[in-house]
Amino acid sequence: MELKIGRAIIKHGLEDLYEYSDVDVAIVGAGPAGLTAARYLAERGFKVLVFERRFSFGGGIGPGGNMIPKIVVQEEALPILKDFKVRFKPAGDGLYTVDPAELIAKLAAGAIDAGAKILLGVHVDDVIFRGDPPRVAGLLWIWTPIQMSGMHVDPLYTQAKAVIDATGHDAEVVSVAARKVPELGLQLQGEKSAWSEVSEKLVVEHTGRVAPGLYVAGIAVCAVYGLPRMGPIFGGMLMSGRKVAEVVAKDLAEVAYAVRA
């Protein structure tokens, strides 16, 4: 039995890694923005792979507000909650509360059911770039425990037509691309202190492409553009994920049309 268990895991696991070494969209971060983007892109028929450095979904959703098990979503984001069949409770002033565990479970299930692949325990180490002027064309990755050990292990590659940085406060993909491919012209301004009303609007407005092949969504937008943080309100994260999916879908459709022409 042990031999059969091991061989089944190795065979099918490596088949998945082989299959997803070339994708339409690679999303880094399985938080609210990344999972939302994954679902809406997969529904459009794109081959989507989500990298998550932890062995769990949800990003900052799980701890709720300072470990109190509720988060807040504003009215503008309710259509997204309804898409994912997430229940919500009115809290007044156009705000609603949501159970963090339910939101995590249904965002992840929604992305997976739409056809996205989520790979847990992966640290994205670098980007692939091509061309002059350059464009981002994929990612280099290793398993998170290897990265945490400090051992030098050469990474593997995933080729992607579009890469979305949904890594949160540190904007890790944009950060490494800015440092190692200066020709991309990227610069991180760093997020500011909290101003929720402003940030929830600006994070959606600034969501999108930051360089050819590279996009930013969620709280990573604040780090890139120097926007205020917002705390445990997640409507902006969800709407940012939906918007980046729309932007990426439009860009990839235009590229496909140009190739056919």
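Glycine is treated like the rest: Cβ placed from N, Cα and C.
In Swiss-Prot, the NAD(+) site is described by Glu52, Arg53, Gly60, Val124, His152, Val153, Asp154, Ile219, and among Ala33, Ala77, Ala105 the residue recorded at this site is Ala33. Distances between the Cα of Ala33 (NAD(+) binding site) and those of the binding-site residues Asp154, His169, Arg229 are shortest for His169.
The maximum pairwise C-alpha distance among Ala33, Glu52, Arg53, Gly60, Val124, His152, Val153, Asp154, Ile219, the residues recorded as binding NAD(+), is 31 Å. If you measure from the Cα atom of Val124 (NAD(+) binding site) to that of His169 (Fe cation binding site), you get 15 Å. Compared over the binding-site residues Ala33, Val124, Val153, Ile219, the count of CB atoms lying within 10 A of a residue's CB peaks at Ala33.
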